[in-house]
Ligand SMILES: C[S@@+](CC[C@H](N)C(=O)[O-])C[C@H]1O[C@@H](n2cnc3c(N)ncnc32)[C@H](O)[C@@H]1O
């Protein structure tokens, strides 16, 4: 048994070997075997189409598990090696050609099973791959809808991506049973799962939008929400002619229901959302139409349910509640349930039970709300770690959907209470607070109560009972759910865009534009503006400017301050600043900031930023004050160009500064190639003076201009023409001011040197490497020996193990130095040939004379040393 070879993802796993053993062309064959074991769709199938079938593992399984003489067709982009009794051809399943060819092969038959295991080439862009895979899935579903028999099965591979839920929704519209599963042979590291759709409904007509990738993946959730219960969403009014949403098997565009269906429905909001008109056709409904409570308004609302506003909706719900009471429907429905639970107890118990149910429902809603808040909180934390962008958490919601605008929320005096609401603990907000387009007023013990509720309380006729309230709560929660779905969808869309934008920014990032800086500095400018958030990468490129040193310094400082504020402020302001924080992270990711000490944001005050004591420490966002200070130092020392920004390279020494570009003191900067020593001499913080300067700059004790000024004196512009060289040299040594040196700078420099000293010297490093090499050679030897032991068939497994264990112990055991016994060649040991008697182990014969001579020599040396000192 040698070493188990493992390439990417541990490819050579159990199923790989099993597939080889059993003659399957691909290990994926086991996925189908396992799926079939669970759902058993192959044994009863007579016709099967495998889309994306190469190399043919699934076809082999189909051929093995389906009855003989079944029709099996496999198609793939690449040709499939022939399999007995299987028709294969090479086509792209996304083309019409493939469809026609399938039609040709299928003749008048219909398929019992359609399989799809397609996967596009998986590259580095995960979100794109997942998308094209889902497109493949949708196309295979399209083919399945064309070729599948009623009751047929469609099995497809799906990658867990943002489109997953949309796909599942579509499957559910076309199949009675849809289950997602991951067979054991599918690697855990893979995002793939398999969806088994059984019992194909085979509707006569399918809305083409179901199978249109653009529609399904872009707008599905939104539209779905609009058509189910979102009947008071303003968008519905605008788009009321675009009716969507179908029930199983019902694919008509216009849906008319009987009023009683609504009255009896346990999901009235859903019923209303799913229909266009309510008619009074049944006998009971005709009776209802004659009742006084069935007002003109109600009749009008029933005519076009898509036109319902929120008030209409509530009116209908109240009307329904009255009817249910009149027909005792509530009791009829609740009684058996309660009897079941209460075991046939008396009326008061039933009341109690109802109350308990109601409180439980409210509790559930609160719990859900808390969960949503926790989710939002998590998003926020992620965002602060730059894992997502503000658009991802939908912080812009206040300005967005009018349905959720909080700026309309006012107290009884007409003051806006947005602030209080923002500060409030959302988990404790009453679930029936109306955040929609109605005014909210303070009322009694309830801090915020809809005006509508107050009116309702005043008007006895309109009063809603507790059941109805519960239903309204339900509707409110549905609204919340729909909104969160919408936000999720939006977030997902943004995420894809954001990845691209981030990538583009990472690939080529040079700085920020003046425009943007100006905008940020402008009072009242809104950093959380989503429009600016969605600037294209091209714009970012355009914005890049590297010609203003001061500006860059200010930028860094302002970003640090912003980041610090982000820490202190609440979540909303944090979201507004996070875009900037993200940018700051990008900015500090530049190579110029490598190797410079981190900044403790808490230690920075607006007036003075303290430099982190640890010069080499790295902060999470890579902000490095020392480095920016070093940059300033360079700028200051160069002193010949205002807008010179220096880029530092990642050198051996972390604080070394390198000039990739920029003007040099003399000549063409591009031609100046500095070697390490020169660079160190010129740019390293190798002197206490340089270190002091840099620290002063970083701590804003001085400015670049002041530094530059200090280096000019009355001798600077002396005309040195015609002066003797020795004089000029001498002058240059003495006409410069002595630069100040701070204690802290000296200490830092000393520490830096200490760190340098602590590095192992070359010889020690070489000796260590030799030792390592010897050890690895020993291990190699043992390995070889172990292999031969393993191959030895005469030994038992236990013997082999013991042997190898011994060998490893021997190889890794450090050998103690053997003791050498010194034997003086005197008395019996004189002129002895070979080992002297009674001596074991290593020995060394020494001449007694030699020993005496050696001792005498040592004594002489000692004496002469003493004499010398005197
Ligand atoms: C994972 S393999 C399928 C393995 C197969 N189920 C088996 O057991 O041997 C995915 C296949 O999808 C195919 N494919 C990808 N895009 C395709 C397309 N547009 N049309 C046809 N085949 C496609 C690839 O050529 C590849 O052979």
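Cβ atoms here come from the backbone N, Cα and C positions, even for glycine.
Listed in TrEMBL:
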DOMAIN    24-200  domain 'Ribosomal RNA methyltransferase FtsJ'
BINDING   56, 58, 76, 92, 117  S-adenosyl-L-methionine binding site
COILED    355-382  coiled coil
COMPBIAS  448-457  compositional bias 'Basic and acidic residues'
COMPBIAS  458-467  compositional bias 'Acidic residues'
COMPBIAS  506-525  compositional bias 'Basic and acidic residues'
COMPBIAS  526-555  compositional bias 'Acidic residues'
COMPBIAS  559-568  compositional bias 'Basic residues'
COMPBIAS  603-613  compositional bias 'Acidic residues'
COMPBIAS  638-668  compositional bias 'Acidic residues'
COILED    765-792  coiled coil
COMPBIAS  844-859  compositional bias 'Basic and acidic residues'
COMPBIAS  860-870  compositional bias 'Basic residues'
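Here the features listed in TrEMBL are painted onto the structure.
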residue	record	Cβ within 10 Å
56	S-adenosyl-L-methionine binding site	23
58	S-adenosyl-L-methionine binding site	29
76	S-adenosyl-L-methionine binding site	23
92	S-adenosyl-L-methionine binding site	13
117	S-adenosyl-L-methionine binding site	23
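Largest Cα-to-Cα span within the S-adenosyl-L-methionine-binding set 56, 58, 76, 92, 117: 18 Å. Helix, strand and coil counts from DSSP across the compositional bias 'Basic and acidic residues' (844-859) read 12 helix, 3 strand, 1 coil. In the predicted model, the coiled coil (765-792) has a mean pLDDT of 88.
In this structure, residue 58 (S-adenosyl-L-methionine binding site) is part of a helix by DSSP. Under the DSSP three-state reduction, residue 117 (S-adenosyl-L-methionine binding site) is assigned to coil, being neither helix nor strand.
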